[in-house]
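Read the structure below first, then the notes.
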């Protein structure tokens, strides 16, 4: 079947004709969360054996005027996709919201300024909430891998004989840190308190659409469907067990390519005919981990902690009674929610006027990068080994010339070029038919407030930190910012755990 026919068949038989949208505030990410190895949820309701589902929570209600701007700027998963879900106002009063208490254990985290000495175990949590926040070791590639990939998983099956060496990270100057001093100033905990006082329900969309795959679907068709619908992940429905058993994400596609492309025993075109169920059985071999999720009544503070601590990009919000997926929270959505109130209602702490160089927010050492002349296969190796979701592409002089992300990899399926992973990353970027988020940069002298505004406005997952000559200095991600604004004032370092 020709690609065009396949795409038409997918859209006609698997999905509704409405332009789909995937709510992602804050992915990458991310981004990305593949729950292929996560356990069953037998209590979840059946989607009536359909491959797409539209979940609406509550009726459309009149929103207060200050939220009109959010409807105008509501992000889409990809530029150009219209019809994104509307955001639910935090001030919206409904009967359902009244049933969700906002005083949760993690929401009572003590601000750093309230104690005499900074805690040594910076990511320690109350005992009654530690289990919910860290019940799964499911990790994501960058702040959002779906499941952990053992370091020697290719070697143990004799599928990968040798891996190309990773591109060395450029040497960068050590930035002066002034963040600890800022945390002790008056008003430094304003964003922490805001996220503690609002629940996940407040940040949920009033209506959102989820694309659902049956585990009997062929892998190739599933990945084509991700591209056709502009989404990065889809829940998996097992018709035999009558339950959701995980999620399929872009990371799974990367792992398929990474595992079998150089295999002398299996051809890649044979793998694409496998069903999702077969891939799960081969790769996971029965090793399932519990689904990382959150309740609508949990605070946004807990959502931020869970995303960063577990290094995932997508956090399902599950109905506490039925177990149905109500929404998917992401780094982007959480930051957008906070940013809207920051601009209009919340006071601006003094640290927003400090420069990135002063505060040291971001990653500046041991950066994962790829040369523009390196083959795509090298980028896949780095994605898996370094667990990152995007790679700054640099030339021989160390200047940033592009950004290659995990979502770029899925377009290999759309272009049917996944049998040609020896082409260079630079060539792959030039062949890219869809304009993705691209490279947005910032410089050390820019303030934290300017960086947050740019990320929220451009709806990207990260900014590349460069000097005046476009040489790479570091990366400022959504996780870095949410950690600094929300968790650090409580003495919690989820990134460093």
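Even glycines carry a Cβ here, placed using N, Cα and C.
Annotation comment: Swiss-Prot describes 232, 332, 405, 406, 407, 408, 432, 440, 461, 462 as AMP 2 binding site, evidence class similarity to another entry. Annotated ATP 2 binding site per Swiss-Prot: 232, 314, 332, 405, 406, 407, 408, 432, 440, 461, 462, in sequence order. Sequence annotations record features per position, and here Swiss-Prot assigns ATP 1 binding site to 232, 247, 248, 249, 250, 251, 252, 292, 313, 314. Positions annotated as ADP 2 binding site by Swiss-Prot: 232, 332, 405, 406, 407, 408, 432, 440, 461, 462. The feature ADP 1 binding site is assigned by Swiss-Prot to 247, 248, 249, 250, 251, 252, 292, 313, 314, with similarity to another entry given as support. For 247, 248, 249, 250, 251, 252, 292, 313, 314, the entry in Swiss-Prot reads AMP 1 binding site. What Swiss-Prot records for 313, 363, 368, 389, 390, 461, 477, 478, 479, 480 is AMP 3 binding site, and it gives similarity to another entry as the kind of evidence. According to Swiss-Prot, the compositional bias 'Polar residues' annotation covers 39-54. What Swiss-Prot lists as compositional bias 'Basic and acidic residues' is 68-79. Among the features that Swiss-Prot reports, domain 'CBS 3' is placed at 363-423. As annotated by Swiss-Prot, domain 'CBS 4' applies to 435-494. Marked as region 'Disordered' by Swiss-Prot: 16-143.
Secondary structure counts, DSSP: the domain 'CBS 4' (435-494) has 24 helix, 15 strand, 21 coil. The binding-site residues close to residue 250 (ATP 1 binding site), defined as a CA atom within 10 A of its CA, are 232, 406, 407 out of 232, 406, 407, 432, 440, 477. For the domain 'CBS 3' (363-423), the DSSP counts in helix, strand and coil order read 20 helix, 17 strand, 24 coil. Ranking the binding-site residues 314, 332, 462 by how many other Cβ atoms lie within 10 angstroms of each Cβ puts 332 at the bottom. Confidence annotation: the domain 'CBS 4' (435-494) carries a mean pLDDT of 89 in the model. In the three-state DSSP assignment, the secondary structure recorded for residue 432 (AMP 2 binding site) is coil. Mapped onto three states, the DSSP output places residue 250 (ATP 1 binding site) in helix. Put simply, 390 is the one of the binding-site residues 368, 390, 479 whose Cα lies nearest to the Cα of residue 252 (ATP 1 binding site). Other Cβ atoms within 10 Å of the Cβ of residue 247 (ADP 1 binding site), summed over all protein chains shown, number 27. When the binding-site residues 313, 406, 432, 461 are compared by the number of other CB atoms within 10 angstroms of each CB, 432 has the fewest.
Counting every protein chain shown, the Cβ of residue 248 (ATP 1 binding site) has 29 other Cβ atoms within 10 Å. Counting other C-beta atoms within 10 Å of each candidate's C-beta, the binding-site residues 250, 368, 440 are led by 250. Maximum C-alpha to C-alpha distance over the listed ADP 2-binding residues 232, 332, 405, 406, 407, 408, 432, 440, 461, 462 is 24 Å.
A straight line from the CA of residue 407 (AMP 2 binding site) to the CA of residue 390 (AMP 3 binding site) spans 9 Å. Here residue 249 (ADP 1 binding site) is positioned 14 angstrom away from residue 405 (AMP 2 binding site), judged by their C-alpha atoms. Straight-line distance linking the Cα atoms of residue 332 (ATP 2 binding site) and residue 249 (ADP 1 binding site), rounded to a whole number, equals 17 Å.
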